[in-house]
Amino acid sequence: MTTKILPSQPKVGMVSLGCPKALVDSERILTKLRADGYGLSPDYAGADVVLVNTCGFLDSAKEESLEAIGEAMAENGRVIVTGCMGKEADVIRARFPNVLAVTGAHQYEQVVEAVHDAAPPTQGPFVDLVPEGGLKLTPRHYSYLKISEGCNHSCAFCIIPDLRGKLVSRRIDAVLREAEKLVAAGTKELLVISQDTSAYGVDIRHDPRQWHGREIRAHMTDLARELGQLRTSEGRAPWVRLHYVYPYPHVDAVIPLMAEGLLTPYLDIPFQHASPSVLKRMKRPANEAKVLERLKSWRAIAPDIAIRSSFVVGFPGETEADFQYLLDWLEEAQLDRVGAFRFEPVAGAQANALPEPVPDEVKEERYQRIMAKTAAISAAKLEAKIGRTLPVIIDEVGEADEDGSIGATGRSQADAPEIDGHVYLRDVAATLKAGDIVDVEIEDADEHDLFGVVT
C-alpha cells in the first residue's frame, strides 16, 4: 500500500498596521486564506508571501507603512500591499516596483486573488481549519466587532471618506451572528468599532431583520441591547464597549443600558476640540456647552460611566484663547481618558488650505499643556477609586517570583485594550488566566493605572 504525500501548504505572513478597523480587515483576510488551505507564518523566513496592511491617515503613518513594506521586501521579497495606503499605488510602486500587488482598503477578494496568484493553494478549501469565530489577531478573550465601513462626515482634517468611502452598514443579523460566534468561541469582551458608530444603519434606513424570532432594527441602541443579552459559556454577559460614538442626541438612549448592566459603562467619543471657532473650521458640530449638560445627565444615570476622547491641538487658526477654552472645558468635563495629537497636514485634507498655520513649537507647547491637564484629572479620578472593589478582566498573568508570588495585568471597565490604562494585581492564584473576570480591591493609583488585589 502506498501513501500519498500531500504537497505542503503555502504559508502567508501578515504585517497589520493602523487602527482596530484595519486589524479586523486583516483578520477577515487571514480567515479566508486559512479556509483556502494556507498556513500562517510568524516570521518572514517561513512565508511564501507577505501581506502588509497599511495605514494612510497621516503622513507619519504613511511613512511607517512604507518602512514596513521595505522591511518585508528586504526580508522576504514577495510582498502584497493592501489597506488604506493602497489608494496611493503609484507612490508605493515608485519606491518598491517589485511588490506583487497593491489593493485598497477592505478589498478582501482582490487580496485573496493576489495571494492565489503569488502562491497557489495546493488543495481545496479547508473550512475546518477556521475557528468558529474566524481567525483573530487579538487575544482570545476580546474581539473587535466592526459594524460598518466608511463615513458620511467631511471633517476638514480627515481623508477617511476618500480612503474608505461613504458609510456602508452591515446587516444587523450578520453583526449579531458574528458576535454570537465570537462569544461562543471564548470572547469575554466585544469592542464595537466603525468610523461612526452612532450613524450605524442610517444608510440602510435602519433595515430591520429577524433575529431569534424577533425583528431587530439596524440601529446603535437596538444593537447594543441585543449584544448585552449574549452569554458566555459560563453564563455571564460579555463586556460590550462602544467606540467612535459621535454625540448625536440618540446616544442618550444607550446610557440606561449601562445602568441596567447590558452595556459596559464606557463611551469613546471623538470630540476633537471644544472651541466653537476651531470646531467650525474643522467642520465639526459645535455644541460643546450642550455636551457638558449631557455628560452630567449621563453620570446621573450611570455614575460609573467612563468617557474617553481625543483632541487635536495646533489646528490652523487655533489661538491661545481657543486653546485655553479647550483646557477650561476639559476641567469642567472631567473626562476619564484623553488622547491628544498635534495637528499634522494630511495629503488631500481640506485643512491644508486653511490660513494661519500654528508653528510647530507652539503645537508642542500646547500638546504638553493638554497632556499635563488631562493627566492631573486622570490622577484625581483614579485616586478616588482607591478602596473600591471593581470587576477586572485579566489580560496577562506573569511568572512566579523567587518567593513564589505571581502578578497579573488586567483592565477595569473604564479601560479599553491598547489605548487606556491597566490594573496591576499582586499575589494572584496560579490558576488565574487571561480572560478571567475577577473582583479586585483597589489599593493604589497613579495618573494612568490602578493597583490592587483579587478579593
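A Cβ is built for glycine as well, from the same backbone N, Cα and C atoms used for every other residue.
Positions annotated as domain 'MTTase N-terminal' by Swiss-Prot: 10-120.
DSSP gives C19 ([4Fe-4S] cluster 1 binding site) a coil state; it is part of no helix or strand. Residues annotated as [4Fe-4S] cluster 1 binding site in Swiss-Prot, with sequence analysis given as evidence: C19, C55, C84.
The domain 'Radical SAM core' annotation in Swiss-Prot covers 137-380.
Take the CB of C151 ([4Fe-4S] cluster 2 binding site) and look out to 10 A: across all protein chains shown you find 22 other CB atoms. DSSP classifies C151 ([4Fe-4S] cluster 2 binding site) as coil under the three-state reduction. Feature annotation from Swiss-Prot assigns [4Fe-4S] cluster 2 binding site to C151, C155, C158; the stated evidence is sequence analysis.
Per Swiss-Prot, domain 'TRAM' is recorded for 383-455.
Same-chain residues at least 6 positions away in sequence with a Cβ under 8 Å from that of C19 ([4Fe-4S] cluster 1 binding site) are, in sequence order, C55, F57. Cβ atoms within 8 Å of the centroid of the Cβ atoms of C19, C55, C84 (the [4Fe-4S] cluster 1 site) belong to the same-chain residues L17, G18, K21, A22, T54, G56, F57, A61, G83, M85, A105, L163, site residues excluded. Taking only the Cα positions, the spacing between C158 ([4Fe-4S] cluster 2 binding site) and C84 ([4Fe-4S] cluster 1 binding site) is 13 angstrom.
Cα of C84 ([4Fe-4S] cluster 1 binding site) to Cα of C155 ([4Fe-4S] cluster 2 binding site): a span of 18 Å. For the binding-site residues C84, C155, the ranking by surrounding Cβ atoms (within 10 Å, all protein chains) places C84 first.
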